[in-house]
Amino acid sequence: MGTNAHNSGEVYTSDSEKGFAMNHSHSSPPQEDAGLKFVLKSQGSWFHCGYHLTTSIVGPVLLTLPFSFTLLGWGGGVLWLTLAGLVTFYSYNLLSMVLEHHAQLGRRQLRFRDMARDILGHGWDKYYVGPLQFLICFGTVIGGPLVGGKSLKFIYALYNPDGTMKLYQFIIICGVITLLLAQLPSFHSLRHINLLSLVLSVTYSALVMIGSIYIGHSKDAPPRHYSLQGSHVDKLFGIFNGISIIATAYASGIIPEIQATLAPPVKGKMFKGLCLCYSVIAATFYCVAISGYWAFGNQASGTILANFIGKTETLLPKWFFLITNIFILLQMMAMTAVYLQPTNELFETSFGDPKKGQFSMRNVVPRVLSRSLSVAAATTFAAMLPFFSDILSLFGAFAFIPLDFILPMVFYYITFKPSKHSIIFWVNTLIAVVSSVLVVIGGIASIRQIILDAKTYHLFADV
C-alpha cells in the first residue's frame, strides 16, 4: 500500500535542504481500508500512469475547443490554450512533487482527500476536497453515457433517418456498457483499456482535423468570419465562458489517485507520465482547435462535428461519421471508467472489509451492488438532463479550477515553504489569485449560459 507505520512517540522528520521539520505526532498512520487495498493498488509503471493521465484529460470535450475560439478569437484562443496547458502541467507537477516528498518522509498519500487532511488539517478532506472531487467524478460519469448516447443516436440516424428510437434509449445502452466497465476491480486493471483510449483519442482528433481541412478547401466551404459576435456584454461573458471551457478541457481532479497506481519508488515517474500525456494533448488540442476554427470561423458549433453536416446533406462520407463516432464512443467509455475509480474507492472504503479477500463473497456483493447503483443513478441523470454539457462548464469553474489550479499551489507552499523573495512563490501566488478570480467570474458566466439554454430544454429531451 505504500504507507509505513510510525512509532507511537512524537516523531520529527527533517529536511535539511528545505530547512524545516514535519511533526507527525498529530498525524496517525492511515488505517488500512478496502478502498486503498483493492482499488488503488500501487503496481503500475510510468507508462501506465501516462495512459491513465491521458484518458483522464484527453476526451470528447476537446471537440468543443473550436467553439471556445469563437468566444475568444484567434489571439485569445491560442494564448489561453497555451497558458492553460503550461499552468496545468506546472500545477500537476507541483502536486506530484508534494506527493513524492511525503512518500519519502514515510507517509505516502494515495488520495486527494488524504493530502487535504494531512496538509490542511481535519475537515478539509470531508467538507471541501472530498465533495468537490466526488462532484467532478460523478459529473463525468453522468456525461459519459450522455456523450456516448448522442454518438450512438447520430450513427443510428445516419443509417436510419426515419427511426423511432429516442436519445434516452441510447443513453441507457451506454449506461449498461459503463456498468460492465465499473466492475473492473482496480484502477491498475484499466491500463490496457487506457492505452487503447490514448490511441483512439489521437485517431479521432486526426480525423476531425482532416475533415475540417477538407471542408475548408472544398466548394461547399462555408463563409468564414473570425470576429467576435454579440453585444459588449455577450462578448465579455463569452470570454469567461471560453476560458472556463478550455480550463475544463485540461482538468483532471484525480492526480493523486493516478499517482497512487505507481509502484514504489515513485520519484520521477509521474513527471514522465505527465510528459507522455501532454505530448498527446499538444497533438490533439491544437490540431482540433485550430483546424476547426479555421474551417468554420465564428460559426463553429458547440461540438465541431455538428459543422460537418450541411443544411441538406453531410459534407463528408457516411463512413467518416461512422468511424469517428465509434471511436469517440469507445474512448468516452474508457474515460468514464477512469472517473469511476475515486467513487469506487469511496464505496469500497465504506462497504468493503480489508481483512477479507478482494474476491470473497463478503466484498464482491457490496462492490457489485454499490457500483451498479452508482452507474444506474448517473445514467438516469444523463437521460433526464441531455443539456448536461452546460452544467459541466459550471463544474469547471467551481470544482476543477480549485482542485487543479489553486490547491496545488497551497499544498506546495505549506509543504516546502518557499521564500517570499523567490520567483516560485510569486508565480504560485499569481496563479492562485488569478484562478480564484476565474472561479467567481467563470461561475457567473456558466450560470448565465445555463439560464439562457434552459428555455430550450426539457427533461428527457430528444436532442
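Cβ coordinates come from backbone N, Cα and C, glycine included.
Features as listed in TrEMBL:
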- 43-446: domain 'Amino acid transporter transmembrane' (DOMAIN)
- 51-72: transmembrane segment (TRANSMEM)
- 78-99: transmembrane segment (TRANSMEM)
- 127-147: transmembrane segment (TRANSMEM)
- 167-184: transmembrane segment (TRANSMEM)
- 196-216: transmembrane segment (TRANSMEM)
- 236-255: transmembrane segment (TRANSMEM)
- 276-296: transmembrane segment (TRANSMEM)
- 316-340: transmembrane segment (TRANSMEM)
- 394-416: transmembrane segment (TRANSMEM)
- 423-447: transmembrane segment (TRANSMEM)
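Taking every listed stretch (78-99, 167-184, 276-296, 423-447) in turn, the largest tally of C-beta pairs under 8 A with the transmembrane segment (236-255) is reached by 423-447.
Stretch with the most C-beta contacts under 8 angstroms to the transmembrane segment (78-99), considering only 196-216, 276-296, 423-447: 276-296. For the transmembrane segment (394-416), the list of distant contacts is 18, 87-88, 91-92, 94-95, 97-98, 101-102, 112, 115-116, 119-120, 129, 132-133, 135-136, 139, 244-245, 247-248, 250-253, 255, 425, 428-429, 431-432, 435-436, 438-439, 442-443, 445-447, 450: same-chain residues at least six beyond its ends, Cβ to Cβ under 8 Å. Per-stretch counts of Cβ pairs under 8 Å to the transmembrane segment (51-72) identify 276-296 as the leading one among 127-147, 196-216, 276-296, 316-340, 423-447. Across 127-147, 196-216, 276-296, stretch 196-216 shows the highest tally of CB pairs under 8 A with the transmembrane segment (316-340). Residues 60, 112-113, 115-116, 171-172, 174-175, 178, 251, 253-254, 328, 332-333, 335-336, 339-343, 346, 374-375, 378-379, 381-383, 385-386, 388-389, 391-392, 395, 398-400, 402-403, 407 of the same chain lie 6+ residues outside the transmembrane segment (127-147) yet bring a C-beta within less than 8 angstroms of a C-beta in it.
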